[in-house]
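Here is what Swiss-Prot says about this protein:
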BINDING   10-17, 74-78, 128-131  GTP binding site
DOMAIN    1-242  domain 'tr-type G'
């Protein structure tokens, strides 16, 4: 049986969850349509998803059509959940990008399409909600050409309200874009020679799968228009990106989820081989795990299985698998372009509304952060506050609602602040000697630190000979320094500097690598105190796409948000502003743009780097380490 994995992507409220329901219903996987409004859909599982009518976590379901099984990945559609989207994209064989016939191409549509093209995923455009009044498809087509890609091929003829009808094109006009993109076909056409349908279809298929051509289909998911045709297109047009024939096992973990009974589930895409129940499988070429329970989606329901084949998405109950773990042979994993997940740029303090629920809150955060790499937390060793770092405010709203709905814990949040970094101000050296109080470790370490240009990162070198200090001790020093760099003088990560291990001494046989590992961050803190550090704040590069009539407002408002516009371009009655902005200002600037352009602007950002801040330094509480905090305190008293 052919197995394909497709993604359903769209901006908020374009109808992707409703489309998923229609695909399941028309294929016979379910006997009754679920409703977003009634909260009965198969893929929006949390209360917050049902209340808002938006997808927050990746939902997975499936249907079978003739000899093809289709796994559907119903991905999130909000800016703050792009990490979920990117993880899901890595397992797809193809994508359906929904565009609302009423709303056209929205900001989120452009961001998602950018990701799909960057990762090389064949994509179909599905224009949804064509049953609404006042639809002008020619305007939607033009919108797609200007904002997404001009390389589209319209596959259907559409009669709009009130005589709703969608039929496949049979005329030659649908092939214009295909012919124009191939010199041989164009020359043949211009010379008056006839073109066979087969060669046109082959050319379309080639360009579709190399992501240089995008077929356009139409329908209404809510009223079941065009869905049967879309099912045929999905099963015939997409290929499975799996190894054919006998091969070793290879699979990749792309999602971690906890059930209401606190069972930990790992979602895995199999790329080759066969996975059997009770198999012992090597993970990321290291430890092995035993498969004790295995599930997959069959016609919209999760079912236990005893084997799974290449191309399948399986779910294992396992406590040790992590996101991006590879099961089996890592060499068989497809080489697909990656999109870096955005870094958490905000932090805040969280406490339970009821103090007696503190342990419940910590247990819940452990599970949530395990599932979401963009949420990190620690407990301050001095104030005992719980510190969270995260990506955006909507993400925090979702976590708050999840804590209340699933874990029955209400929380109180402080106003979030930006996550900074630190860089040494000058060169400095410091040595802590063995058996010299208050050093309790059987190790001597001497370090030097030098500032480097912005963007250089942390560089480490050792000038201590391996003949003098063996590799295990040297590795322990490097590990301790990397740990120490996580918290500088103000509590932020240390970067843009060179740290040199200049001196080391051990006593045989009492010294161990642990002595060097524990002492290294203490020496690093002392050398940073001699050098001093300056605070660096994150800056984002941005591209703003806005209608030409809003140029003046967008440009003039930039200084108010500390934004520096470095380039302005005009394209298709749209202005593209490029520049950079402090991360602490982007949320307000983006909200302002959305407000005064009535949602017609797009603001794409990525981390550019860090700049030196001015003004009073912002401090972050240190994370606790019971083994070295007391020694740190003693050294800080004497220096």
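For all residues, glycine too, the Cβ spot is worked out from N, Cα and C.
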For this session: Could you check the binding-site residues 10, 130 and say which one's CB has the fewest neighbouring CB atoms inside 10 Å?
Result: 130
Problem set entry | Sparsest-packed of the listed binding-site residues (13, 16) - C-beta count within 10 angstroms | 13
Exercise. So, in DSSP terms, is residue 16 (GTP binding site) helix, strand, or coil?
Worked result: helix
